[in-house]
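Chemist: For reference, the structure I am asking about is given below.
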Amino acid sequence: MHDRATSPALFDSPAKVLSTEAVLRRLFWKLLFRGRAAQHAASHQARKHMGLGISMLLFGVFGAVPAVLAPTLETFTFASVLHAWTLMFASLTLAANAGTMLFMKEEAEILLHRPVTPRQLLRAKIAVLVCFALLLALSLNAIGMVAGLWSKGATYAFIPAHFVSTVLLMVFCSACIVLVYNLCLKWMGRERLDNVLAGLQSLLAVVMVVGAQILPRALGMKDLTSIEAFSPWALALPPVWFGALDSVVSGSGASPRLLIAAGTGLAATALVSWFAFGVLGSAYGKGLMALNEMANPVESATQPRGKRLKQLLNLPLLRWWLRDTTEKQAFMLTTAYMFRDREMKLRLYPGIAPLLVMPFIMVLTSSSGDRTERFSWLQAFMACYMGIIPLQAMLLLQRSEHWRATALFHIAPLSHWAPLFHGTRKAVLALLTLPMLVLQSAVMAVIQKSPVPLVMMLPALFFLPTFSLTPALMGTWLPLAKPPEEQRDPSMGCVLMLAVTLVSAFIGVASWWTWKEGWFWAFLVGEALVMSGAFYMLNSVIRRTPWEGRETEGN
């Protein structure tokens, strides 16, 4: 029997009965913030979630950053900066949530056999995504809309004009995301969709970080006074379109280039929305059903991913490193989740992808005169800063939608939880951290035309294994054993990030200075001895840490 208090709108008088799309919108709005777990782990514990109000408050604080530029810029330029800022923050947040909301395998079984059409399903999801993005975007632009009145040439019509253009920008972004995801599902099929979604979000994160540094130089914006200061191909950028729309609607300008840019923004929004919400709407149901279809057993049995993993584990070095059977199985489990589980990929890769490009951003922002000396210590610092990758990955790998299955760990004949932790840690080091470190150093060596970045990578090889032990110092660590909705301790994450930054800076400066003075190899030997001792001590602490879950169950 249903409880009227939990869903009053569904049990009101017939005149107040909600439509199908209204019910779907309410459902998807709850799922967007509450998560999709049917039952919460440790229901006796009250978990705190960051509410929408706090998110809007944080976005409002971030919006104060571009607002300080208002008195120095023309209305068009300031509006373009606001839209670029909005595109970076609000759109990235929207992209991170859109993939999970649009394509959930279970929804086809639950909803599509009911009197719910695919178009209704898609429209309800789009309405929630646009509303969510618009709330974040308006929070981000609240201070900027008022500050824009002090921009050069602004009128009081700037506030309503910027409100309208922000709404159109979020509709455009939502339509682009829906269009890209639908096309990926239509052309690439179910098997490749998960990788594509994770790749797109990672690419978007990288583009947002790199674009903030590259675009001002590439566009030739030396004085940022008017649209004429922009390179002609800047008219292809969405922030310029909607910034021009601000200027035209508010009456601050009406030059031919402004009119062309504003018209392009309106036309692009209408065209993309028509394709995403109209043309591909009928194909959405078929794509959702395809997500729920079982893969061909023959194809699944012969997938090259499993063969490659077996070949990898047969390498002499890995076979020696994973000689413990439990560690090897944890390594294989972690590898499967990192490269096959959609939820894990969507949380993991977009977060670590920008770390790969940070050194190149610093190089681009440095002047040519000090670039040679900065390269050495910068590369050593960034190599050690890769220690944030295993920390971030281990925090994410501790949580999964399949956390109930980890009850097997508690009944398995295991003497301690440490081998499970070490197997996961080694998978992160071998398959994520080391490849990113080598790739970053190799690209920097090519840019610098010198082997020095490869040499500066060596201190990190001794630092990373030791620092990767720190997540287990906080207590029993089991892979995939906590639900994603469980509250994390943000203070501990901040402490770990601060520690990584300080240690990375120290080792980076020491590596650069000893290389410059000719003592680098002696420093490397000393670091190896110190890190070996630290590794032994931390590992001893981990082995002495009791298995908390088992003690609780035994009492």
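The backbone N, Cα and C atoms fix where each Cβ goes, and this holds for glycine too.
Quick caveat, the model's predicted, so the values are computed rather than measured.
As annotated in TrEMBL:
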TRANSMEM  50-70  transmembrane segment
TRANSMEM  82-105  transmembrane segment
TRANSMEM  126-150  transmembrane segment
TRANSMEM  156-184  transmembrane segment
TRANSMEM  196-215  transmembrane segment
TRANSMEM  258-284  transmembrane segment
TRANSMEM  348-365  transmembrane segment
TRANSMEM  377-397  transmembrane segment
TRANSMEM  427-448  transmembrane segment
TRANSMEM  454-480  transmembrane segment
TRANSMEM  492-513  transmembrane segment
TRANSMEM  519-538  transmembrane segment
Chemist: Given the transmembrane segment (156-184), which of the listed stretches 50-70, 258-284, 454-480, 519-538 has the most Cβ pairs that are under 8 Å apart from it?
Modeler: 258-284
Chemist: Considering pairs 6 or more residues apart, do the transmembrane segment (454-480) and the transmembrane segment (126-150) have at least three CB pairs under 8 Å?
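Modeler: When sequence-distant Cβ pairs are counted, the transmembrane segment (126-150) does not touch the transmembrane segment (454-480), since fewer than 3 lie under 8 Å.
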Chemist: Given the transmembrane segment (377-397), which of the listed stretches 50-70, 126-150, 427-448 has the most Cβ pairs that are under 8 Å apart from it?
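Modeler: Answer, by Cβ pair count: 427-448.
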